[in-house]
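As recorded in TrEMBL, the features of this protein are as follows:
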type: TRANSMEM; residues: A:6-39; note: transmembrane segment
type: TRANSMEM; residues: A:51-71; note: transmembrane segment
type: TRANSMEM; residues: A:77-99; note: transmembrane segment
type: TRANSMEM; residues: A:111-132; note: transmembrane segment
type: TRANSMEM; residues: A:166-186; note: transmembrane segment
type: TRANSMEM; residues: A:215-236; note: transmembrane segment
type: TRANSMEM; residues: A:305-325; note: transmembrane segment
Amino acid sequence: MELLNALILMANFVLVPALAYGSQLALGALGVTLIYGILRFSNFAHGDTMAFGTMAVILFTWWFQSMGINLGPLPTALLALPFGIAICAGFVLATDKLVYKFYRQQRAAPVIYVIASVGVMFVLNGIVRFIIGPDDQAFADGERFIVRARSFKEWTGLEEGLTIKVSQGITVITAVLVVAALFWFLNRTRTGKSMRAFSDNEDLALLSGINPDKVVMVTWIIAAALATIAGTLYGLDKSFKPFTYFQLLLPIFAAAIVGGLGNPLGAIAGGYVIAFSEIMVTYAYKKFIGYMAPGDWSPDSLLQLLGTNYKFSVSFVILLLVLLLRPTGLFKGKSV
Amino acid sequence: MSFLIGEKMTGGYGGADILHDCTIAADQGEIAVIVGPNGAGKSTAMKAVFGMLNIHSGRVMLDGEDITALTPQARVAKGMAFVPQTSNVFPTMSVEENLEMGAFLRRDNIQETIDQVYELFPILGDKRRQNAGELSGGQRQQVAVGRALMTQPKVLMLDEPTAGVSPIVMDELFDRIIEVARTGISILMVEQNARQALDIADKGYVLVQGRNRYTDTGQALMNNPDVRKSFLGG
């Protein structure tokens with residue numbers, strides 16, 4: 001019984017939240033890694049692209065809610081998602097045309113792109129705050145829980161309860177579907193293969209007659225879709241606040257680099273590595289040890305390695321370790 | 001007039017001219033080889049024929065058509081194929097995907113051409129699912145040549161195809177190149193291994209400092225005492 005309680009405790013506070021958070025990071029990191037692999041720069045505006053896409057989804061969600069359209073137990077935001085993606089993709093393509101295209105024609109060095117993307121980031125930052133404001137926005141509706149702590153306790157007779165939120169379930173399922181669709185696209189379709197070829201060897205891709213403009217356009221659309229989906233899932237799971245999305249940039253980049261920049265599989269693995277590390281390091285193990293230790297003994301301190309306020313340092317440390325020890329990431333990516 | 005001819009080409013990468021009045025030509029089903037000392041402009045001459053650098057005088061003709069103004073991509077569509085010396089495959093894509101990418105411009109069924117490539121390079125058929133980056137140097141060169149053949153070109157241009165492969169693999173690659181030429185494709189090739197290359201060449205060009213020094217059949221060049229002494233080591 002004690003052991004079961006301990007396991008449920010871990011599942012409730014570590015496994016389930018980390019799976020959901022990891023999926024969100026993985027989707028974000030996939031966008032970063034695709035842009036790095038194909039457009040060859042680190043897109044610092046990705047966090048704010050997520051915020052922009054999510055904002056569009058929220059506006060559509062409110063509009064649908066005001067008209068009484070909903071998805072029953074599922075959040076209305078899912079219905080608004082395609083519209084948000086379309087707006088975000090349009091915006092990102094416009095940025096490409098206004099900003100990045102110029103540098104592409106100049107064949108600018110990657111660092112110039114990075115600085116340009118920082119500029120785009122600030123502009124996006126302002127636009128999002130201007131339209132929806134800097135505060136928290138609530139847009140989740142529908143059923144809240146798949147499994148409730150109390151009914152779980154009654155059902156199993158355990159002391160510890162397990163909670164699985166609808167947003168967490170949706171996050172994991174959506175992430176699996178999106179990743180499967182993305183890999184199918186990259187590995188099976190003509191356009192997807194041409195994107196991989198372009199990422200592998202740009203000159204040879206051009207020699208083979210692959211149209212670079214199309215590759216760039218499709219890459220931006222996919223990145224915008226991934227950013228909007230990741231942002232919306234994160235917003236449903238936690239809450240939407242523009243500044244939080246800006247901060248997400250760090251764990252997302254850490255995930256992409258840990259996995260190996262330019263490698264989609266690595267981005268997914270990296271997302272979960274970062275999420276699990278962050279949550280496991282900031283979790284207080286007092287109760288867990290209490291269950292595991294013999295008798296009624298329980299430690300006096302919280303047994304928390306790091307306060308949650310410092311959770312971003314986890315990404316930093318992992319990033320440093322990877323860059324020092326294995327610059328190409330866990331899966332062979334490009335070294336930074 | 002030859003099927004492919006770069007005539008009196010003068011030009012370079014921007015700064016000083018590298019090529020001076022350089023003429024390179026290849027006929028259908030013929031192997032033309034460019035040899036010469038380091039820095040003679042061998043690769044540059046080939047790149048000029050393919051439109052990868054600007055020539056400010058001279059012209060390039062393909063099948064009687066002036067293609068001097070065309071981009072390399074447009075020349076691919078006209079039936080020219082180019083195998084660069086390095087990074088000539090897509091390393092994280094499988095052998096078969098490399099071939100598919102070679103045929104990207106084609107909209108018809110490419111399976112027959114893929115089978116032909118596998119017939120020419122049987123090892124590629126065995127390794128079709130393996131990533132090109134995981135193959136040995138010689139196998140990678142075969143992928144590179146196979147990829148170039150996927151457009152069903154009339155002219156195949158190879159920039160030092162045997163660079164960095166063992167002598168055995170080199171002989172085999174040359175055999176395959178002869179086979180390709182027998183199907184009626186013109187071959188233009190830059191080679192460091194001058195002796196072996198001239199051995200299989202119908203036509204040889206010895207370049208020195210961006211100028212034609214000797215032009216003759218491969219056999220005649222091999223027998224020319226001056227060429228032997230200066231470029232073939234006696």
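Each residue, glycine too, has its Cβ placed from N, Cα and C.
By the count of Cβ pairs under 8 Å, the stretch nearest in packing to the transmembrane segment (A:51-71) among A:166-186, A:215-236, A:305-325 is A:215-236.
For the transmembrane segment (A:215-236), same-chain residues at least 6 beyond its ends with a Cβ under 8 Å from one of its own Cβ atoms are 20, 23-25, 27-28, 30-31, 34-35, 38-39, 43, 46, 49-51, 53-54, 56-58, 75, 77, 81, 84-85, 88-89, 91-93, 96, 104, 137, 139-140, 167, 170-171, 174-175, 178, 182, 185, 191, 194-195, 198, 205, 245, 248. Most Cβ pairs under 8 Å with the transmembrane segment (A:166-186) belong to A:6-39, among the candidate stretches A:6-39, A:111-132, A:305-325. For the transmembrane segment (A:6-39), the residues of the chain that approach it from at least six positions outside its boundaries are 46-47, 49-50, 100, 113, 149, 156, 158, 160-165, 167-168, 171-172, 174-175, 178-179, 182, 195, 198-199, 215-216, 219-220, 222-224, 226-227, 229-231, 233-234, 237, 248, 251-253, 255-256, 259, 261-264, 266-268, 270-272, 274-276, 278-280, 283, 287-288, 291-292, 333-334, judged by C-beta separation under 8 angstroms. Residues 39-45, 47-49, 51-52, 55, 58-59, 95, 99-100, 103, 242, 246 of the same chain sit 6 or more residues outside the transmembrane segment (A:111-132) yet have a Cβ under 8 Å from a Cβ within it.
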